[in-house]
Each structure stands twice: as C-alpha cells, then as structure tokens.
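Undergrad: Structure in structure tokens, see below.
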Amino acid sequence: MSGGKYVDSEGHLYTVPIREQGNIYKPNNKAMADEVNEKQVYDAHTKEIDLVNRDPKHLNDDVVKIDFEDVIAEPEGTHSFDGIWKASFTTFTVTKYWFYRLLSTIFGIPMALIWGIYFAILSFLHIWAVVPCIKSFLIEIQCISRVYSIYVHTFCDPLFEAIGKIFSNIRISTQEEI
C-alpha cells in the first residue's frame, strides 16, 4: 500500500478513495498506462462512463423501447393520407425524444440524488443492521438447534422406529377373481 495504491486479488491496481488521477468521466488513461508499462489504475469510486451504450446490462429492453409502430397502427383498408401518416410519425418521434430530454433535464439530477440516497440507505441498513441481525440469529439459534436435535434423537427417533417396525410386518396380498 505504498504511495496510496494497493493491488486486489485479481491483480488490479487501485488508488486510495481520494481522486488523485483523472475525473469521474475519464479516471484512467489506458494508452498512457500502456506507454509507461504500468497497470491500469482502478478507483473504487469512479469508472469510465460509456456515453454510447447507456444500458449495458439491458435493464430496459422490454419496457421503454416504444416506437410509433408499437403504439399507432392502421390496419389494411383504413389508411389515412400518406402525408398525415408521415407527419404523425415525425410528431410522435420528435415529441417523445425532446420531451424525454426535457424531463431528464429537469428531473434527472434530483431523481439520481433521491435514488442515490435510497440505495445508500439500503446498503447501510444491509451492512450495519440486516447482516449482523442474521449472524446474531444464527449464533443464537445454534443453542436451540442442539436442544431440538437431542429431543428428536431421544423421543421421536425411537417412537417412529417402533411404529416403522410395527407396520413393516404388515403384508398385503392381492388376488384376482375370475
């Protein structure tokens, strides 16, 4: 950990949480790291943002990919004028595009702030409340499980073994009548 850097189990070189290199949009310069023969440095708080593929895990593939043809369709025999159809298509597409941009401009950062706070609280509760409660419960339940195991082996096992021996001597034979 000399110089404020450390290496993880996969061999990635990380910096300390303070952003000493780069910014949040391009934290590392891979070409420069290759030139100097250094490992690429990964910061736990920053990563390079892909501005082209903004849904790399395909979270919204089946939900928000709505096009004009998915919403409005004219069956055979009931067609409007071609100009109206083209204008409707253009109006729908442009309105959807710019209204989404307007909404994301107005509400994008506040919603990101709200969801960031929500997931920070969720992570905090999971790390500092849920996991310790579960571990505590598992430790405490071991005592009960030992007592329960002794009870089962002392009372239930002999009882069910005796019942099993009683019913094991029952024989059933079937006969077909002609």
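For all residues, glycine too, the Cβ spot is worked out from N, Cα and C.
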Undergrad: Select, from S9, S80, S173, the one residue given the annotation phosphoserine by Swiss-Prot.
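TA: Record lookup, Swiss-Prot, feature phosphoserine, residue S9.
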Undergrad: Which one of these stretches, 101-112, 149-160, shows up in Swiss-Prot as region 'Interacts with SPRY1, SPRY2, and SPRY4'?
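TA: The listed stretch tagged region 'Interacts with SPRY1, SPRY2, and SPRY4' in Swiss-Prot is 149-160.
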Undergrad: Between the Cα atoms of C156 (S-palmitoyl cysteine) and C143 (S-palmitoyl cysteine), find the distance and write it as a whole number of Å.
TA: 19
Undergrad: Do me a favour and check the Cα-Cα span between C133 (S-palmitoyl cysteine) and C143 (S-palmitoyl cysteine); whole Å is fine.
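TA: Between the alpha carbons of C133 (S-palmitoyl cysteine) and C143 (S-palmitoyl cysteine) there are 16 Å.
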Undergrad: Using a 10 Å cut-off, grab the number of neighbouring Cβ atoms around the Cβ of C156 (S-palmitoyl cysteine), all chains included.
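TA: Step by step: centre on the Cβ of C156 (S-palmitoyl cysteine), count other Cβ atoms within 10 Å, giving 10.
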Undergrad: Three states by DSSP: which one describes C133 (S-palmitoyl cysteine)?
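TA: For C133 (S-palmitoyl cysteine) - judged by DSSP and reduced to three states - the answer is helix.
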